[in-house]
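Swiss-Prot has this to say about the protein:
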type	residues	note
BINDING	CYS390, ASP392, HIS582, CYS597	Zn(2+) binding site
Amino acid sequence: MGVSKIESTQASTYIDDIHDKVTRASNVIVPLSPISVFAARSPWARLEHKSFDEIAHWLKETRKVDMYPARMTILEANQKGEIDDAYVEQFFQQWLNDTALKIPRENAAQYGRNALKLETLETPTDIKSQLEALVSDLNEQVKFESENTVPLKSTYILDEKNERLIDTVDYHTIKWCKLYIDDAQSGWTMPNRDKGLFYAWRRLVAYDPALTKDQRARLKSLPNEAEDLMQQALSYLNISEADAQTYLENHLLSLPGWAGMMLWQDEHNHKVHDLLFSYLAIRIAMEWAIVEPYLPVSQPEDLNDMNKEELIASWIQWGNFSMQSWKALSIEAQQAHIQFAYRFNEQFCRKLWLDAWEATYNQQLKAMIGPKSSVEAEQQSQTLVQMAFCIDVRSEPFRKHIEANGPFETIGIAGFFGLPIEKAELGKKYSHPSLPVMNQPQHKIKEYTHEHEPNAFQQRKHALESVTYTFKKMKQNVLPSLLLPELSGPWLSLQMFTRSFIPKSVGSVIRKFYTSWLKKPNDTALTLNYEPQHQHNHRHIHLEDDLPVGFTDEEKVNYALQALKLMDLTDDFAPLVVMCGHGSQSANNPYAASLDCGACGGAASGFNAKVLAQLCNLPEVRQGLLQEGVAIPETTIFAAAEHQTSIDTLTWIYVPKLTEAARNAYENIEAAMPKISYQANKKRLSQLPNNNLTNRNPNHEVYRLTNDWSEIRPEWGLAKNAAFIIGQRELTKQSDLAGRAFLHNYNWKNDENGTILENIIAGPALVAQWINLQYYASTVAPHYYGSGSKTTQSVTAGIGVMQGNASDLLTGLPWQSVMSADNKMYHSPIRLVVVIQAPQAFISRLLENDETFKQKVMHGWVRLASVDEDNHWHEWSNEVKKFS
């Protein structure tokens, strides 16, 4: 693409409130956490003040990123019966009725119906010359308005090799980010790293051999302070104050992964300050230094120009116009028809198809859920075990198998169990926030042993860490690295052979090693009681913050009461109540954290389950609960377990002394668990692409998959998630939800003021929405919001993955998490529908009180339906507008 010269513009331009503009610009990205604590986030979480469709249009215009499902994805879903054609016609007619048309309705209807077939537009070669002449005449007589954008200078300036200079800017940006962010992976760290990114870059860039002498000189001429440097570079690039924020946004959107990591560091690492500002200052300075020889330039006039030839051709193909009938239209009519086609483009067609897809799923879900049989009440009174599972969609089919195999009741609640804690596990160097990422921990709970001297577990743990540390240091140093292959070669070769050909056996050996040689002491305990800071020294836990350790007596009762109310368990207690966290097992999987509990910030949630179970067993807590109207029988015992989602087993992590009734219940669930696991694994294996695995023993096969380091898909994770159902279990117990629904228990009759519902919406429902939109984004725009194929990923700097050595830090899910084969989707990219079992008055009150949730529904980021007290289904997408 050529560029045209304009007059020199290196006059000084000062942009007011540049820090505020950077802060506002950062809303176009989201923080990207290190992959070891991968937590699902909606890539559009900070843009929900605008509608889904507005952001889709904006991204298409500015980044060429499509937020709607692809044409082939829609056609495949339609063929599979996931989209009802009647809804497509319904939404099209509704749009025609609501739109002020400037062309005859019959023309619009005919064009629209043909365009909605999503057929490829083909322009006959014999009319191309006539189209060119028509467009030439139109351009002389009519001025068509196009989008007003502020693209980066480097996106439309080409170098001598006819390559865009933005690629060079990205290359240098990535290089400096990798050097700075490096998480103790390299033996020789970036000089001056401890003084901040900008300071280190400023000292080193003058010696960068990848830059030309002139480029280094230009950078050296810029000011030494980040703000002054950014101001000067923007001035040299001729960016006005009015365009500054948009220009900053485009820089952030060029590499949203690396920018997101800088933003995450700003928000979570107290050792850094203004890291995102430094990132932008460096990037803009690099851009100016690279494009300066080509300045001054003007933006090409055709950058955002509509393709009028194609639009006229679309009327000939889909509007059944001939060239003669088109020419017979007046200039004004031609302009109106072109504008209609420009608006009713393929992206808009796919938007209507998405609406129809979601409406079809709503209708299917409506038909599945409803009142249950009268036998339910009798079964409830005979329940032996009540098991509270995370709302995770993988829990739903597992819960169904449990309920079918005995007098067992299951309950849904977010996996952090309402506990705002940071956990410090025995043997771990660092603590981890074990709650949704949008919340901050209020307490630290530590796991410790009663022994005051270092015990065998600690010694063995340190010994293993020493071996790993020594191996790493030998790799990083020049002389020892020459000797390392001779020493480690035979052992690593043996490991490679065994893990490749007998993964299940090797995995079994490794598990036995960790469960025996590295088994935690039996006397481990949790710091549930509040402790002053000076008592922490003997715990052998590194503290990174000043959070209070443990709970006060009042807090213990409050958190236990809150959790029991959230799961609607305040009476009719079974002899055994089990809090079930969940985690996942897989080998050689950088995305292992994405398979753990999203409500615990990308970590297994068994720790939270154990904390709550122990709280509920404390006599003083039960006494406090009794004063609040919750009477737990003396025969009821709380225990904790962890659901391993990749092998569908239940691992007990806390079983106190049991009463006779609780012991009987425990033995019943233990006896049923092998059959439950077998059934659950068989069902889950049948859904994997290589479904001939079900011909083998399911339990053996899942262990092989989780231990095979070449396995790209040990489980489907949360793929196909589509609904968040808030209501009693009776609403869904007899329904086959196909592992697509988050299930949270709720009884509106016990929530007179609506506080419980508001808490569910503000916490668990938000987590579910973020998970849903991350899967959605990774499916519809895998090149931008996904992370490519697992087989070609490389873990970078210990904090994320890249494709190759010069890509963005990838933000989303790998291809194997959402697709079952090339060009064949597995995840259905539809937006989450929240279904609430409550009277309409409850929903109205929720929308009036919760402005954030109302905005999500109104702007199309989440859908809302309800089931009232008479089991009638209500859609709220249009009703919500009444509350604005």
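Yeah, the Cβs are placed from backbone N, Cα and C, and that goes for glycine too.
Feature map: annotations from Swiss-Prot on the structure.
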| residue | record | DSSP class |
| --- | --- | --- |
| CYS390 | Zn(2+) binding site | strand |
| HIS582 | Zn(2+) binding site | strand |
| CYS597 | Zn(2+) binding site | strand |
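Same-chain neighbours of the Zn(2+) site beyond CYS390, ASP392, HIS582, CYS597, judged by a C-beta within 8 angstroms of the site's C-beta center, are, in sequence order, PHE389, ILE391, ARG394, SER395, GLY415, GLY581, GLY583, ASP596, GLY598, ALA599, CYS600, SER605, HIS643, THR645. Long-range neighbours of HIS582 (Zn(2+) binding site) (same chain, six or more residues apart, CB within less than 8 Å of its CB): PHE389, CYS390, ASP392, ARG394, SER395, GLY415, ASP596, CYS597, ALA604, SER605, GLY606, GLU642, HIS643, GLN644, THR645. Neighbour count (other Cβ atoms within 10 Å of the Cβ, all protein chains): 29 for ASP392 (Zn(2+) binding site). All protein chains considered, the CB of CYS390 (Zn(2+) binding site) has 30 other CB atoms within 10 Å. All chains included, 32 other C-beta atoms sit within 10 angstroms of the C-beta of CYS597 (Zn(2+) binding site).
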